[in-house]
């Protein structure tokens, strides 16, 4: 098969592992920077171009689109879909998962466990917003933040009011969530592929830090999932419409709660912690599904 990988970073671990796994299985692979693509959209024959050259046909596309280029990256991916190319994760699923508030709303409708979450626009609503999530301590998140950036733990009510007011003053979109103290600075990353969790790791925050992201200095280790945790992770990925997802869970006193669904989960941490060939499993999944008939995505 001819496989395109949409990625700005050909030297990134995840991209290199996918290229390696696909090549090992006899496929032709091309890493394409979506920001270098431009599109011809017409009723006869749509196409994608780079540097004056039209891209050749591909059987499948694996999107590794960073959060900062979601809009343009999704547009390029959608063009591949409109041309009949199988997308491992489609543009609609990626857009859903990148909108933190929308993803929370969708999962709440499906009855998936979540931290109590509040969203408001007016500063006069701040006191009620804080009460809604159980008071301080609480977590304040920028809707556009990634890798733990733009996440604040407000330990007192006064601190919470000040931080929320400051973000609102900057016209930044934020959501407020209850703080799951019993998680003790740890979360669980479930790597979902299709209808299975194929790998999982526990991420522990550094001492004095509540964010467990590996980019923030957290450490990763093997973890045994409960049947409920597996079910929640798979349901969360399906709710977003994703074939591949990194679902982040916290173990709370009222069961597993989903913090985030990542449509472009990194492979380095999960492969290192579990010693599993996650990249190989992804390529095998693409092989099994790319040749099936696939209608163009809905806009």
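Every residue, even glycine, has its Cβ placed from backbone N, Cα and C.
Going by Swiss-Prot, these are the annotated features:
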- 141, 178, 179, 187, 211, 212, 213: ATP binding site (BINDING)
- 248, 260: Mg(2+) 1 binding site (BINDING)
- 248, 260: Mn(2+) 1 binding site (BINDING)
- 260, 262: Mg(2+) 2 binding site (BINDING)
- 260, 262: Mn(2+) 2 binding site (BINDING)
- 104-287: domain 'ATP-grasp' (DOMAIN)
What is the separation, in Å, between the Cα atoms of residue 178 (ATP binding site) and residue 260 (Mg(2+) 1 binding site)?
14
Is it possible to get the count of other C-beta atoms within 10 angstroms of the C-beta of residue 141 (ATP binding site)?
21
Between the binding-site residues 187, 260, whose Cβ has more other Cβ atoms within 10 Å than any of the rest?
187
